């Protein structure tokens, strides 16, 4: 079908037809539910906050279980992220939960780059998913999605204002992940201070342009509850897995000399609000927002870096095939250019090597001639010495013969004199 036919067909007025009998596609929601239950779900939580602020305790409280917790020291050289994955089941629903802890966050004297390991970790999970998506033979159905769906940002209950580290970190993260700020250990400040602290936090977030996750209000089923919960941000929470008896009931609470703070009592803290909003009402929206907003932004930026765009410089539609051909042509041009540069470089290198070899050959020849002349000079000197030595030997032999002749002639002369 031609493109024009598709355009004409898409612009036609849609008609509502009545069915003459039962067809069966009304079971599609049931099919989707059955498939989802069989496949299971994954949910990934990033907990950002200082050491000892109560991140692990809150996770245990949220999911009503005891996760593996390792005590973290306040003397870390830097920030590193520690992911832990657990398989949970509630009724017949399976959930693969990953909790990522930021170990050492806020413990260094120089906190200027404390956010970088967190940003790098989030980008790495996006990159892993993108690489799987770009494979020719991909398997997203079985792929363990590690993209962060929610960042719970734990704010210290100072009662005054946000720390610079908090503002910088949330600003760096707000375009990459859904952020829900929460005031940790909210039972350490009074209700009046807590109310003022919440207002101060939201004011500072707005003035610094930090975008936090807003519970969606476009779905009529959750519009009312989400609208009211947006007004309670940031949530002031208290975590505890200890059970305390209050009256005739046993509740999760924190026991103090002055009284008991009940975790699930909404007049004491916002824990129930956080749990409802995070898990019961908006968990799927957080997953969708991660994929449709944050991951798509990362994917678009990456593809644009690679040269893939939806429009050409004249803002005309540009298909993937055209982009591929343009990139292929550009790549081949660059390849030919580099081949020519390498060939020219090789030729120049060969010429330089030949010149160096010729120079070495000339130097060796000159050295050989010099050695040859030196050898001839030494040979001449040796020959001259030999001749001198032979002449001296001949002269010596002559003197020797003369001396022997003289010594023989002396006795004969004496005998002759005696006879006379």
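Counting begins at 1 with the first residue displayed.
Any Cβ shown, glycine's included, is placed from N, Cα and C.
Quick look at what Swiss-Prot annotates:
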type	residues	note
DOMAIN	39-305	domain 'Septin-type G'
REGION	49-56	region 'G1 motif'
BINDING	49-56, 104, 185-193, 239, 254	GTP binding site
COILED	321-407	coiled coil
REGION	393-420	region 'Disordered'
- Message: With Cβ-Cβ distances below 8 Å as the criterion, list the same-chain residues six or more beyond the ends of the region 'G1 motif' (49-56) that contact it, or say none.
- Response: 67, 69, 72-74, 76, 101-107, 152-156, 184-185, 239
- Task: Return one of helix, strand or coil for residue 55 (GTP binding site), based on DSSP.
- Result: helix
- Once the chains shown are all counted, how many other Cβ atoms turn up within 10 Å of the Cβ of residue 55 (GTP binding site)? 25
- Message: Among 185, 191, the binding-site residues in question, whose Cβ has the most other Cβ atoms within 10 Å in this structure?
- Response: 185
- Item | residue 52 (GTP binding site), number of other Cβ atoms within 10 Å | 13
- Within 10 Å of the Cβ of residue 239 (GTP binding site), how many other Cβ atoms can you find? Include all protein chains, please. 21
- Message: Neighbour count, 10 Å Cβ-Cβ cut-off, for residue 49 (GTP binding site): what number do you get?
- Response: 21
- So what pLDDT does the region 'G1 motif' (49-56) average out to? 91
- Within 10 A of the CB of residue 188 (GTP binding site), the number of other CB atoms across every chain shown is 15
- Let me know the DSSP-derived helix, strand or coil state of residue 191 (GTP binding site), please. helix
